[in-house]
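Undergrad: Below is a structure I'd like to ask you about.
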Ligand code: SF4
């Protein structure tokens, strides 16, 4: 097989260094061999469809810096390509490492292609949304489509250059059977999961993604799409966390990870959803162990359900904790989560919150680059070097505005004025303050 037709995983297994591996190694500050080893054994992925020209590829997985994804896309009644492009640009300038186009209204394939064309970072999608939208537009129920539609939609997204796809493959008939009598309050909160479950119940059939997983793998291998095994059974409330349904789906995913790796397809797991802080470590460790070290694409975790309107903060707390314990890829949550379709400002604050969580985890995990940046920041603060501080900040726009809004004419800032602890200590160490004897 020519390396033109190999996935990043297959190239790594055959000791072929791709351009993306080289760029990622430079970005992470590690030898390319480290990237190759993790790609070859499935502990890391580089999502990149061979049809998508990406100038900023990302390696996602164990021991590499934690990455952040921003979801953009339209919804019923709110559909503007112009706004989606604005969201893309805001997400990128706030530091998103990837975007997912989750549009469910308007010309979906046109929007997807334009976002792919304009994105220098990997682009993800959830193909089943398109099948549901198509059925809805034809005046049918959102679950009225054929088994073939599922596969055709995956292929259509692949041809549009999508780099990673969520496939809700873990909800099998067995998993679903037990859900009805479970104690869960919110049975299914995943959009894709609910559509699949509805389809299975209506047609009394097995999950088509599960039944046709080999065909999906063939498409993924052809285009080198990274599959993200969607957790349709993720808990949607902290009181539902870590229950049998969530774990059963995880066991199904575990077998699918093996099947993907056998075909050289890059794969990651999604999860865990709404989980109290004291259960996050266990969830992460279970996902890593049962998922055989596959990278984890974090949904949440949201450690409380009562932060509505500020769920980007709730999620950042959970994500920092989860990433410290080994998660790799944070799917952002915006202030609009659970209440509205995010607007451009929500996208900005969602990415910033998740970047903060990622950096906190990188520092705690001992990432050399992250520690060096903290070191430089400490020096800049000690020198009152505001320009350097802003350059090193995760996102400095708001801080610059604050500094300007209440200026202070000497060293320090208007927070403490003449009682600036750093200034007093600096003066003292430079001999500007003498000790009275
Ligand atoms: S004035 Fe206070 S807040 Fe501002 S730099 Fe000095 S110590 Fe920090």
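Positions of Cβ are set from backbone N, Cα and C atoms, glycine also.
According to TrEMBL, the record shows the following:
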- 71, 100, 129, 168, 190, 191, 192, 231, 232, 233, 234, 270, 297: substrate binding site (BINDING)
- 274, 338: Zn(2+) binding site (BINDING)
- 413, 416, 420: [4Fe-4S] cluster binding site (BINDING)
Undergrad: Of 190, 232, 234, 413, listed as binding-site residues, which ones have a Cβ less than 6 Å away from ligand 1?
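TA: If the test is a Cβ under 6 Å from any atom of ligand 1, the answer is 413.
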Undergrad: Looking only at 192, 232, the binding-site residues on record, which one has the least crowded Cβ, with the fewest other Cβ atoms within 10 Å?
TA: 192
Undergrad: Using DSSP, would you call residue 129 (substrate binding site) helix, strand or coil?
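TA: Residue 129 (substrate binding site) sits in a helix per DSSP.
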Undergrad: What whole-number value in Å do you get for the largest C-alpha pair distance within 71, 100, 129, 168, 190, 191, 192, 231, 232, 233, 234, 270, 297, the residues recorded as binding substrate?
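TA: Greatest Cα separation within the listed binding residues comes to 20 Å.
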Undergrad: Using a 10 Å radius around each Cβ and counting other Cβ atoms from all shown chains, which of the binding-site residues 274, 338 yields the largest count?
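TA: By the 10 Å Cβ neighbour count, 274 comes out on top.
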Undergrad: If one looks at the chain holding residue 420 ([4Fe-4S] cluster binding site), which residues at least 6 apart in sequence have a CB under 8 angstroms from its CB?
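TA: Expected: 411, 412, 413.
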Undergrad: Check the Cα-Cα distances from residue 71 (substrate binding site) to the binding-site residues 274, 338, 416 and tell me which is shortest.
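TA: Nearest by Cα distance to residue 71 (substrate binding site): 338.
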Undergrad: Cα-Cα, whole number of Å: residue 190 (substrate binding site) versus residue 274 (Zn(2+) binding site)?
TA: 12
Undergrad: Please list residues from the chain of residue 129 (substrate binding site) whose Cβ is under 8 angstroms from its Cβ, counting only those at least six apart in sequence.
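TA: Sequence-distant Cβ neighbours: 102, 103, 104, 108, 191, 192, 195.
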Undergrad: Through the lens of DSSP with three states only, how would you label residue 274 (Zn(2+) binding site)?
TA: strand
Undergrad: Using Cα coordinates, what distance in whole Å links residue 234 (substrate binding site) and residue 338 (Zn(2+) binding site)?
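TA: So the alpha carbons of residue 234 (substrate binding site) and residue 338 (Zn(2+) binding site) sit roughly 15 Å from each other.
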Undergrad: Within 10 Å of the Cβ of residue 297 (substrate binding site), how many other Cβ atoms can be counted across all chains shown?
TA: 28
Undergrad: Which residue among the binding-site residues 413, 416 has the fewest other Cβ atoms within 10 Å of its Cβ, if you could check?
TA: 416
